[in-house]
Amino acid sequence: YLDHGLGAPAPYPDPLEPRREVCELNPDCDELADHIGFQEAYRRFYGIA
């Protein structure tokens, strides 16, 4: 058990996070992502994810 008083470690950076944010800002992409998943929705709107 290691507790250095720093809280939880930072999660590993998600390489898809910038694309996920782009999709979330587009209401149509965001809605589609709710149904088929972010990566497929992004691919349909913007090309290869």
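Cβ coordinates come from backbone N, Cα and C, glycine included.
A simple way to gauge crowding: the CB of Glu17 (Ca(2+) 1 binding site) has 9 other CB atoms within 10 angstroms, across all the protein chains here. DSSP assigns Glu17 (Ca(2+) 1 binding site) to a helical segment in the three-state reduction. Annotation source Swiss-Prot lists Ca(2+) 1 binding site at Glu17, citing similarity to another entry.
Swiss-Prot lists Glu21, Glu24 with the feature Ca(2+) 2 binding site, giving similarity to another entry as the kind of evidence. Around Glu21 (Ca(2+) 2 binding site), taking its Cβ as the centre, 9 other Cβ atoms fall within 10 Å, counting all chains.
The disulfide bond annotation in Swiss-Prot covers Cys23-Cys29, and the record cites experimental evidence as its basis. Cys29 (disulfide bond): 19 other CB atoms within 10 A of its CB, across all protein chains.
Taken from Swiss-Prot, the feature domain 'Gla' applies to 1-47, supported by sequence analysis.
Marked as hydroxyproline by Swiss-Prot: Pro9.
Marked as 4-carboxyglutamate by Swiss-Prot: Glu17 (among others).
The feature 4-carboxyglutamate is assigned by Swiss-Prot to Glu21 (among others), with experimental evidence given as support.
When other Cβ atoms within 10 Å of the Cβ of Glu24 (Ca(2+) 2 binding site) are tallied across all protein chains shown, the result is 12. The 4-carboxyglutamate annotation in Swiss-Prot covers Glu24 (among others) and rests on experimental evidence.
The distance from the Cα of Glu21 (Ca(2+) 2 binding site) to the Cα of Cys29 (disulfide bond) comes to 10 Å. Cα-Cα distance from Cys23 (disulfide bond) to Glu17 (Ca(2+) 1 binding site): 10 Å (rounded to the nearest whole number). In the shown protein chains, 24 other C-beta atoms lie within 10 A of the C-beta of Cys23 (disulfide bond).
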